[in-house]
Amino acid sequence: MPYKISRAAYAGMFGPTTGDKVRLADTELFIEIEKDFTTYGEEVKFGGGKVIRDGMGQSQVTRADGAVDTVITNAVIVDHSGIYKADIGLKNGRIAAIGKAGNPDMQPGVNIIVGPGTEAIAGEGKIVTAGGMDSHIHFIAPQQIEEALMSGMTCMLGGGTGPAHGTLATTCTPGPWHIARMIEAADAFPMNLAFAGKGNASLPGALTEMVLAGATSLKLHEDWGTTPGAIDCCLSVADDYDVQVMIHTDTLNESGFVEDTIGAIKGRTIHAFHTEGAGGGHAPDIIKICGQPNVIPSSTNPTRPYTVNTIAEHLDMLMVCHHLSPSIPEDIAFAESRIRKETIAAEDILHDIGAFSIISSDSQAMGRVGEVAIRTWQTADKMKRQRGRLKEENGDNDNFRVRRYIAKYTINPAIAHGLSHEIGSVETGKRADLVLWNPAFFGVKPDMVLLGGSIAAAPMGDPNASIPTPQPVHYRPMFASYGKSLTNSSVTFVSQASLDAGLKGRLGVAKELVAVKNTRGGISKASMIHNDLTPEIEVDPETYDVRANGELLTCEPATVLPMAQRYFLF
């Protein structure tokens, strides 16, 4: 007769199982385990007196015959595809299998073979997510990369050359020479990186040479002149070479209004940055563009979520970022035209209903590179408190809302930028760029960050201590952040055209160069998982009130947020 164990005792030993609920950090978001792939009584666990021992949960199978390199045991997987419990097998830097690990010689249902060559990572009581992707990076300082990695990001896409004034304001790496230098620099960093060229030109020649130099995308920014002619030219080049276009539209409406921009886009796929408008764009109604079926709308994190401090901090932030002077009245008017509490409040709700698809940072250029995950989950929590459960929920949990929000910084930016064949989800065959979290610290402070199946970062105590836990415990780079392990554990994404033109041999970089694909007509707003709603948006030009399909979108600013000061006392 099988031995019976209480749910509490089981969760304490192997982690929660089907039907158990887990609170995410100090939010009001609760997930419920939908399925457990284990066989009860046959769970594998590492440690003294535990299961993964020779002749027990560990087989005699060699790596060549199918044993995995690493097994993550009994983890709760939180992904756009579902919330479930499983073992995860990693091999050759990729996710080899998800399911039941163990010794097939003596255990039933094993699809992940543990052998003498297998390392074990204890996932009991932990959450595993795909590494995050931040698709709005100003490469102002290389130190951003470590900050992002330690927050759970494993891919950064954007533009820049360092603290040049063009980079301080715009996410562009202009020209083939600068793109080459940035791709060369990428070899130094434990992070998957991708670079955007400048998209502002009325003739295609200069844009084409940037794509051939390795740009994965082209960025149209108003500070370089986002005119209808530049928009049309840039999208035409992107269509020719299968790269994405990101757009920051004309705040001052000098060369046209939002309707003119929509007309210049001509129904082609485009990623609209900070679509609410505080980060820049046609004032006051750029937010209308999120209802277009060809536009993939995103947010940058300073407006996430709307709080009592949002408006005040944005004015000073904007003056610095866009090289404006507080002594020039026109500059002050420019800044004030972009900061509107009505559209920021509406942005909260548009995220919650799935009309905004992506959340990113806008690093050091009106955005915080280490807070993409935090701001995403703070928005989700605020919306649950203010709007209640989503109608799509099934059962007494927040699973659908959690799946909607995690998609905003994992799978959806990966789809938008042609990287989803490699990253963006916990899925067999994809890169093993994974993040482990203690549920109490979910979204705030990771337990471990893996890049290409190797540990790149983790909190670690005093290296001279007798055990790993004594203070001071802080985030430190791990072995995948050093030497050839670094360049073998992460990649640099480039255009297919640049690979065809011999970029790898020309630059002689150590990292693998991987081509983006399917960024144009094969994707649209409908491709944004759990975030594909296209409501008709209206903005009152006098009051800035926002309506979606006739319904007024408004909410109160938050006065208190979770995942905030209590997590950062030290």
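Here the Cβ of each residue, glycine as well, is placed from N, Cα and C on the backbone.
What Swiss-Prot records for this protein:
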| type | residues | note |
| --- | --- | --- |
| ACT_SITE | His322 | active site, proton donor |
| BINDING | His136, His138, Lys219, Asp362 | Ni(2+) 1 binding site |
| BINDING | Lys219, His248, His274 | Ni(2+) 2 binding site |
| BINDING | His221 | substrate binding site |
| DOMAIN | 131-570 | domain 'Urease' |
| MOD_RES | Lys219 | N6-carboxylysine |
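When Cβ neighbours within 10 Å are tallied across all protein chains shown, the highest count among the recorded positions His221, His322 belongs to His221. Close to Asp362 (Ni(2+) 1 binding site), meaning Cα to Cα within 10 A, are none of the recorded positions out of His221, His248, His322. Neighbour counts of Cβ atoms within 10 Å were compared across the binding-site residues Lys219, His248; the minimum falls on His248. Of the recorded residues, His248 (Ni(2+) 2 binding site) and His221 (substrate binding site) place their C-alpha atoms 5 Å from one another. Of His138, His221, His322, all annotated as recorded positions, the residue with the shortest Cα distance to His274 (Ni(2+) 2 binding site) is His221.
Within the same chain, the residues at least 6 positions away from His138 (Ni(2+) 1 binding site) whose Cβ sits under 8 Å from its Cβ are Gly158, Gly159, Gly160, Thr167, Leu168, Thr170, Thr171, Asp362, Ser363, Gln364, Ala365, Gly367, listed in sequence order. For the binding-site residues His136, His274, counting C-beta atoms within 10 A of each C-beta gives the highest total at His136. Within 8 Å of the centroid defined by the CB atoms of His136, His138, Lys219, Asp362, the record's Ni(2+) 1 site, lie the Cβ atoms of Ile137, Gly158, Gly159, Thr170, Thr171, Met246, Phe273, Thr300, Ser360, Ser361, Ser363, Ala365, Gly367, excluding the listed residues themselves. For the domain 'Urease' (131-570), the model's pLDDT averages out at 97. The Cβ of Asp362 (Ni(2+) 1 binding site) has 29 neighbouring Cβ atoms from other residues within 10 Å, across all protein chains displayed. A distance of 12 Å separates the Cα atom of His136 (Ni(2+) 1 binding site) from that of the residue listed as 'substrate binding site'. For the pair His322 (active site, proton donor) and His221 (substrate binding site), the Cα-Cα distance reads 12 Å. Following the DSSP three-state reduction, the secondary structure of His248 (Ni(2+) 2 binding site) is strand.
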